[in-house]
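Just below is one structure, and these are the notes that go with it.
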Amino acid sequence: MNPRPSLLVLFLLLPILLTGGCTGVPEGIEPVRGFDAERYLGTWHEIARLDHRFERGLEQVTATYSRREDGGLAVLNRGYEPAKDVWKTAEGRAYFLSTPDVASMKVSFFGPFYGGYHVFALDPEYRWAMISGPTREYLWILARQPQLPAEILEDLIAKAEAAGFETGALIFPLPSVAPGTPASPE
């Protein structure tokens, strides 16, 4: 028996096996059902997040979602890095893991590598959302406005803590500012 074909199959499957777990939903997190992607499109402001290297030091962070021709979503993330006085952007693409009415997606900002994006709490009017990544090390609280009322934010933080997120480590970046002001990219 020649071991080469099985080694070749393993070599071809290895990238899938290594990255497949990066899009999964953390145990106990339930993505929103009845999700309406059209209502989710547009710009969201980052209210709070858990720290991770790809947003470290950024303030006034926004995420803008639009439709792609291939049925997915285009993602444009933008944030201000005050230490360097520059605006940083990242363009990505997102695709639903099952059906578009379940808020569970895979998102890529770099080639074939995807991470999980799971909306697990969403205002009925789509004014705020809580998103988990593939593990509880990733959490974002987003809103349509640069700030949330304190009582709503406190409630969301309590929900995140009850869901097992380390809410004591949340970062609250400076909110976005109106276009045309000195710290605005426009």
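Glycine too: its Cβ is placed from the backbone N, Cα and C atoms.
Taken from TrEMBL, the feature N-palmitoyl cysteine covers CYS22. Sequence annotations record features per position, and here TrEMBL assigns S-diacylglycerol cysteine to CYS22. The annotation domain 'Lipocalin/cytosolic fatty-acid binding' is assigned in TrEMBL to 36-172.
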Within its own chain, what residues at least 6 apart in sequence put their Cβ under 8 Å from the Cβ of CYS22 (N-palmitoyl cysteine), listed in sequence order?
PHE113, TYR114, GLY115, GLY116, PRO134
What mean pLDDT score does the domain 'Lipocalin/cytosolic fatty-acid binding' (36-172) have in the model?
97
